[in-house]
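Undergrad: Here's a structure for you.
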Amino acid sequence: MSNVISEPASPAATPTRGSPPSPKRRAGQSPGRRQEGRAGLLFLSPWLLGLIGITAFPMLFSLFLSFTNYDVLSSWEFLEFVGFDNYRKIFTTDPIFWKSVRVTLTFGLIAVPLKLAASLGVALLLNKARRGVGLYRSMFYLPSLLGGSVALALVWLAMFNGDGAFNDFLALFGIEGKSWINEPDWALATLIVLSVWQFGAPMVIFLAGLKQVPTELYEAASVDGASKLRQFFHVTLPMLSPVIFFNLVLETIHGFQGFTAAFVISNGTGGPVYATKLYTLLIYDKGFTDFQMGYASALAWIFLAVIGLITVVFFSTGRFWVHYSDGEK
Amino acid sequence: MGRPTAVSRVRGVIGAIVLIAILAVVLYPLIWLLGGSFKSPTEVVSNMSLLPTEPTLGNYPDGWSYIQGVPFGTFFVNSMVISLLSVVANGVSCLVTAYAFARLRFFGRKVFFALMIGTLLLPGHVLIIPQYVMFNEFGWVDTPLPLVIPKLLATEAFFVFLMVQFMRGIPRELDDAAKIDGCDPYRTFRHVILPLSRPALITTAIFSFIWTWNDFFTQLVYLPSVEKYTVPIALRLFIDSSGQTSLGPMMAMSVLALMPVFLFFLAFQRFLVEGINTSGLKG
């Protein structure tokens, strides 16, 4: 797991059966090497086209749009360059922007740690169990697989409604329920529960990581008289830190991009009172409901900047707590 | 680990009980959905139990014809067409891209690879507006093209990454042997890498299908007219109406919507679990 995101092995890493490539030969490229170069670019061409046409150009285009009043409905002649107006409005006068930022951060800060804790906890239990691990693993994974589908969001809607199954369950204990998804204080919590419920994917990755921890380490620790708890904190967690890091980055990015459940459960509004207005809903709303495409592009670029910043923070702080067993940092 | 002692056996039993309890909570919503789809309109709101007391099939035909003028089958066909096209598009484009990254040496390879990894982290919501404007200018909105063409251009970097990881595991001696036998990079791809990459291709195909089938955001943006709707977009129409009468039909159609994914799950559990193991693919 420690090398999940690294360079592909260079073709030259394994010595080929001819003479080893000398600097001299590299200067005057051999016909085989030149053919390989051409083939490489040819095989890469669909991706290159996609990178330019579907990713890079739209990104620059969106940066350009973010300084305009473009609305998709009127023709290009009416496009006006508005400078930093969109950005200024977002930060100063948009009543929903800050609310939405808060909702998104709250969601990420609660849902991601809970999901990681749940997935690690169940993975530890499964790692101990000998019998039926494969079956359990698959069953726990099922909700993740059904993931962001509308059908699941509808299930949640029906379960956490005022007359939904969850309240019937609470009634068994004499607790009076409420319409959770319609309560500003609780609507986001139901989304968090939905997200945590899908802990199967990080769990499978944790399980794979736990298998890599050498049993000798536990034996040595127990000879030294370390309790199970100490073993967990001094052996399991450090050995697992690259996998924890991997899951943390993945789940955070995944969490920020949540859309379907919030959109479906609030019927597109992000309500009640913007309590579930995730940032992605805000972008969609401005772009495709109000057709303020320029404004929405500015929102999108702020989103990109924040996600980039968070990724950088993760990777730069990771050095302090992620331990690779082979000493590589 | 030593002989199983009484203590460790008790621990094992407790562990199993805890696991089963968690599993019950995890699977409850799905079983409840399935049971609810067979409940009558009165029972679906009053009876919280998993199984209906008087099972009825009525929700299924009701849900099927719920949307005026368009039978639910249309949405299934639309979803199926887009999902299958996505499977083919992703399979072909990501395979050739991964081959270039994993096996060939060419100008700019390292930079391109870093860019590819970078696009992994790029949220789709940032690109959706300019892409929409672009595809709108092309006249592609309300057709499957905006949903399929990007996949034909290997923009699903997850799959490229997965296949690169996989191909790195194929012994390089095979390429060298092929080279000595006179194979150029194209023939090596065709006769060595392609046949050996089958497991990675299958994983990609399964996840492509499931992701596209479950996708909501892009389909919502690009398919505005009802007869072009896919299953997820059509399902959303059930909550536009008020009143509880639609809950049963909604659950019935949700069950049908989850069916293909569930069948894939039953058939390919192993591939799915290994797929996320090697690459961290989400559900």
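Heads up, the Cβ atoms here are built off N, Cα and C, so glycines get one too.
Heads up, here are the entries from TrEMBL:
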type	residues	note
TRANSMEM	B:12-34	transmembrane segment
TRANSMEM	B:75-99	transmembrane segment
DOMAIN	B:76-268	domain 'ABC transmembrane type-1'
TRANSMEM	B:111-133	transmembrane segment
TRANSMEM	B:145-164	transmembrane segment
TRANSMEM	B:196-213	transmembrane segment
TRANSMEM	B:247-268	transmembrane segment
Undergrad: Are there residues at least 6 beyond the ends of the transmembrane segment (B:247-268) whose Cβ is under 8 Å from a Cβ of it, and what are they?
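TA: For the transmembrane segment (B:247-268), the far contacts come to 30, 33-34, 36-37, 39-41, 44-45, 58-60, 62-64, 66, 72, 76, 202, 206, 209-210, 213-214, 231-232, 234-235, 238-239.
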Undergrad: Would you kindly list the residues that approach the transmembrane segment (B:145-164) from elsewhere in its chain, counting only those six or more residues past its ends and only Cβ-Cβ distances under 8 Å?
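TA: Here the qualifying positions are 82, 85-86, 89-90, 92-99, 101-102, 116-117, 119-120, 131-132, 135, 138, 197, 200-201, 203-204, 207-208, 212, 215, 218-219, 222, 275, 278-279, 281.
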Undergrad: Apart from its near flanks, which chain residues at least 6 from the ends of the transmembrane segment (B:196-213) lie with a Cβ under 8 angstroms of it?
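TA: Counting only partners 6 or more residues beyond its ends, the transmembrane segment (B:196-213) has Cβ contacts under 8 Å with 79, 82-84, 86-87, 90-91, 94-95, 98, 147, 151, 156, 158-159, 162-163, 166-167, 170, 174, 231, 260-261, 264, 268, 271-272, 274-275, 281, 283.
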